[in-house]
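Novice: Here it is, the structure in full.
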2 protein chains.
Amino acid sequence: MSRAYNFSAGPAALPESVLRQVQEEMLEWQGERASVMEVSHRGKAFVECAAAAERDLRELMAIPDDYHVLFLQGGATTLAALLPMNLAGADATADYVLTGHWGEKALDNARPLLRTNIAASGKAGGYVDIPPVGEWQLTPGAAFVHYTPNETIHGIEFRDIPDVGDVPLVADVSSNFMSAPIDVSRFGVLYGGAQKNLGPSGLAIAIVRKDLLGRHGRALPPIFELQNQAKNDSMFNTPPTFAWYVLGLVLKWAREQGGTAAIGERNRRKAELLYSAIDGSGGYYRNAVAPAARSWMNVPFFLPDAALDKPFLQEAEAAGLLGLKGHRAVGGMRASIYNAMPEAGVQALVDFMADFARRHG
Amino acid sequence: MSRAYNFSAGPAALPESVLRQVQEEMLEWQGERASVMEVSHRGKAFVECAAAAERDLRELMAIPDDYHVLFLQGGATTLAALLPMNLAGADATADYVLTGHWGEKALDNARPLLRTNIAASGKAGGYVDIPPVGEWQLTPGAAFVHYTPNETIHGIEFRDIPDVGDVPLVADVSSNFMSAPIDVSRFGVLYGGAQKNLGPSGLAIAIVRKDLLGRHGRALPPIFELQNQAKNDSMFNTPPTFAWYVLGLVLKWAREQGGTAAIGERNRRKAELLYSAIDGSGGYYRNAVAPAARSWMNVPFFLPDAALDKPFLQEAEAAGLLGLKGHRAVGGMRASIYNAMPEAGVQALVDFMADFARRHG
């Protein structure tokens, strides 16, 4: 056996050096004479580990001091419900911009909680482009505008942050978290699950402008009140300690890679390599997304005939290229090339695709 | 370095053989050429791993077919809010029986969601005994009765399941999950975090009588609707895959130990050994809980003088006995002796306590 290149959409590939460190210190962590999974979250060693992860994320993403960084249980879908509860009352209106599956799901979770307005949707066009920002039907005085900067299933990514005036922008960045430099100060909330770019599943991260919390006027169960997590360094209840620890190792790895700018450059090169291979295949491979809206993280593509999907996947697996099956909502193939995917992995995929096209052309 | 005996209240000790297996297959799991953390939760390998954990838990706890077993994100506190939302409407009344800190927290999370009634409370007496079941002020037609069979901080445990008639009994078993055989059919819901007896933190398990879900009449965000998790084998959203996998290994270990009956017998012996040492110390060590309500899992005890706490903890650590500091709400010491704590660990603690008493008597 040997490790393969893993193009899974999430849970997704982690840096091998991180896995090796986890392996090495599995039974005894940092002189604690116990696994990191076995120690108290309130003990000195874990509190320092957790704080270091927050410091590193703040530095890597240049998160301003007037933002909380919350480490929470669950995933982005959990926050898709918790955020509307925490950002506004039931009579407020929130605008939702839909550019794919996850934007729809976020809306579904908000609907029972406040008034919602679909400010723009790419659904009628099959989610292959971003509705022009100038045409968004925004609600004056909305509590927030929600959008999904990268849609994992449809492979659509915003290259620019939309200007929505003074209304707080709330963004589900699950699938492009820390994938390139981003101006956090332009957002009210950035949130996402860790399991694509940052760590294992079971941990969600919310970067929240401090003034937005505690103003909703709802009677919430204390465990759903994000202000309680903010006041307790995300330890209002027992946090998912192992996932938090792995996140910390991934962030140290990201620093070693040269930080977010270097990672962003590499992600751009990886995406260009793959899209060039698709566009340069003489029509053998196709990506349906408008070029300006193509994701650097999730690259869906189609073969000339769906009957070729099965041999493509089988041969890819045999060649050590895993997780390439497209989401059932879109079909075809999808290569997720998150931060931890090395350029050599994308090169191996591109080489395989060229060879497959030759043999099955 | 070497591993110590870890008496932490949770996150808590795991079986060493489980940690060794996790270590061994960290980079390549089951021929997947990837870590278990990196593979899709919808892939064949993980789906089988998840299903095996459910089968093992059903067998170990003899869970009847008319109960769902849900594997959820978060901890018991998350469920302390989710369960009232899912079991009843806002106009219903639920009875809460308080025998310690966690019962109070469960009540706090239910209060904003429905009418609550404190049917009984041991608070006035300092939570050192269980209020007699015959004196509980139960509400006729209540939606459910909530109690905490084992209180982690106060060290109180019910040895018998209270008879509350036809009203569903909802029990937070976080700290005595699968610690001894239990008649699941007597409950509406058994729930708890995994991080004491079953696995790492970040995973909560709910065993729910099927007819109790989907009757609440509330407009809930889909992610908070437990019926959605039940219908999707707990994969309505991305589950905490690594924690679920470790749980599965712990359950296999539990089967190798001889199952719940054998584990329960061992837990009884461990508790008897420790309480005998306390009671037989000529008053040097004291446990304040009424003998019939003493927990087999969490054993709080006091030294003759709080000034001895620090040397006790320091010397215990040096002797390889970790995590003995009592919760700040109670003070003194606390030994948590969950399923994964071997009898040799309790013997080592008892020997140390005798030696310490001799030297500091």
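Cβ atoms here come from the backbone N, Cα and C positions, even for glycine.
What TrEMBL shows for this protein is this:
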- A:5-349: domain 'Aminotransferase class V' (DOMAIN)
- A:R42: L-glutamate binding site (BINDING)
- A:A76, A:T77, A:W102, A:T152, A:D172, A:Q195, A:N237, A:T238: pyridoxal 5'-phosphate binding site (BINDING)
- A:K196: N6-(pyridoxal phosphate)lysine (MOD_RES)
Novice: Return the recorded positions from the list A:R42, A:D172, A:K196, A:T238 for which some CB of chain B is under 8 Å from the residue's own CB; sequence order; 'none' if the set is empty.
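Specialist: Listed recorded positions meeting the cut-off: A:T238.
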Novice: For A:D172 (pyridoxal 5'-phosphate binding site), what is the secondary structure state per DSSP, taken as helix, strand or coil?
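Specialist: It is in a strand.
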Novice: Per residue, counting other C-beta atoms within 10 angstroms of the C-beta, which of the binding-site residues A:T77, A:Q195, A:N237, A:T238 reaches the highest number?
Specialist: A:Q195
Novice: Could you give the maximum C-alpha to C-alpha distance in Å for the residues A:A76, A:T77, A:W102, A:T152, A:D172, A:Q195, A:N237, A:T238 that bind pyridoxal 5'-phosphate per the record?
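Specialist: Comparing all Cα pairs, the maximum is 30 Å.
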Novice: Which residues, sitting 6 or more apart from A:A76 (pyridoxal 5'-phosphate binding site) on the same chain, put a CB under 8 Å from its CB?
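Specialist: Non-local contacts for A:A76 (pyridoxal 5'-phosphate binding site): A:W102, A:A106, A:D172, A:S174, A:Y191, A:G192, A:G193, A:A204.
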Novice: Let me know how many other Cβ atoms fall within 10 Å of the Cβ of A:T152 (pyridoxal 5'-phosphate binding site).
Specialist: 27
Novice: Cα distance, A:R42 (L-glutamate binding site) to A:T152 (pyridoxal 5'-phosphate binding site), nearest Å?
Specialist: 35
Novice: Let me know how many other Cβ atoms fall within 10 Å of the Cβ of A:D172 (pyridoxal 5'-phosphate binding site).
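Specialist: Around the Cβ of A:D172 (pyridoxal 5'-phosphate binding site), 28 other Cβ atoms lie within 10 Å.
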Novice: Based on Cα coordinates, which of the following recorded positions are within 10 Å of A:R42 (L-glutamate binding site): A:T77, A:K196, A:T238?
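Specialist: Matched recorded positions: A:T238, sequence order.
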